[in-house]
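Heads up, the thing below is written out as structure tokens.
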Amino acid sequence: MLSVLARPTGAALRRSFSTSAQNNAKVAVLGASGGIGQPLSLLLKNSPLVSRLTLYDLAHTPGVAADLSHIETRATVKGYLGPEQLPDCLKGCDVVVIPAGVPRKPGMTRDDLFNTNATIVATLTAACAQHCPEAMICIISNPVNSTIPITSEVFKKHGVYNPSKIFGVTTLDVVRANAFVAQLKGLDPARVNVPVIGGHAGKTIIPLISQCTPKVDFPQDQLTALTGRIQEAGTEVVKAKAGAGSATLSMAYAGARFVFSLVDAINGKEGVVECSFVKSQETDCAYFSTPLLLGKKGIEKNLGMGKLSPFEEKMVAEAIPELKASIKKGEEFVKNMK
């Protein structure tokens, strides 16, 4: 089913510079001065789809905005500093992307980030619920398996919850799967599409190699190793950076790819499909990532898991208890907030 749907390839990042009347997306980046925020803001500034880019952080945003504003593309750029300027940053936004938070260090799991990042995400999404309740909210801050339930509960508290507009950005898992499969098979990565379902941490990341387009085959030992590499690719980067951070550049690319797909869909482009961690009825987890058909109002249709191989079915079964625990942790955090 998925193979017939057009994949929003890296071409979204390389589209020709047109200025059709629809290309007027107002995008905010919250956490714009950080390791992901800066390259993400650069990619968004570089796109003809974006007409206004507002950048928020606790430090350095005026400088980042001044720097980006010199680039010869049409998006206007403005920096906002500190909580009192956050409302103005958000007003009128179509899309808000949130990479704010602390990165992983060697030896840390995404879950170790929970206490710090949960508070940051709850605070920022509360501002979104108040000042741009209709915007599409894209959460990058880890652990996504918990920060998406947090975002949903915060929006519910403010009476503006719309499950079709809250997205956990898992695109980096898809991007990595595409890159790694392409490397192993000598394919052009722009032509490879591996759906990745489940969640966005360790064994909850489930690449559906059996549904890859073009079709690829691996012996079981190679498939197990490839799957493990996709699941632990974040840790691979954390180790390689040796304490200097986590995946920032590839994450910025993946975040931009997701935003461009979302904006394309808002603009009326048909057949735009991305995987994302969202409110879901596909399993008995309240949230689950699957391929989604995107539309003008966010999620148009959840395309579900499709046909799984026995290996993939086993991974789903093993991921669900961990996913449920992470979801519950996020929900409880908002319930217990002052």
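Using the three backbone atoms N, Cα and C, a Cβ is placed for every residue, glycine included.
Per TrEMBL, the feature active site, proton acceptor maps to His200. Taking the Cβ of His200 (active site, proton acceptor) as centre and 10 Å as the limit, one finds 29 other Cβ atoms among all the protein chains shown.
Per TrEMBL, NAD(+) binding site is recorded for Gly31, Ala32, Ser33, Gly34, Gly35, Ile36, Gly37, Asp57, Asn117, Ile140, Ser141, Asn142, Met251.
The feature substrate binding site is assigned by TrEMBL to Arg104, Arg110, Asn142, Arg176. Neighbour list (Asn142 (substrate binding site), Cβ cut-off 8 Å, at least 6 residues apart, same chain): Gly101, Arg104, Arg110, Leu113, Asn117, His200, Ala201.
Taken as a whole, the domain 'Lactate/malate dehydrogenase N-terminal' (26-168) shows an average pLDDT of 96 in this prediction. Look at TrEMBL and you will find 26-168 tagged as domain 'Lactate/malate dehydrogenase N-terminal'.
Per TrEMBL, domain 'Lactate/malate dehydrogenase C-terminal' is recorded for 170-334.
Arg104 (substrate binding site) is surrounded by 20 other CB atoms, counting those within 10 A of its CB over all protein chains shown.
Counting residue by residue with DSSP, the domain 'Lactate/malate dehydrogenase N-terminal' (26-168) contains 65 helix, 30 strand, 48 coil.
For the pair Arg176 (substrate binding site) and Gly31 (NAD(+) binding site), the C-alpha distance works out to 23 angstrom.
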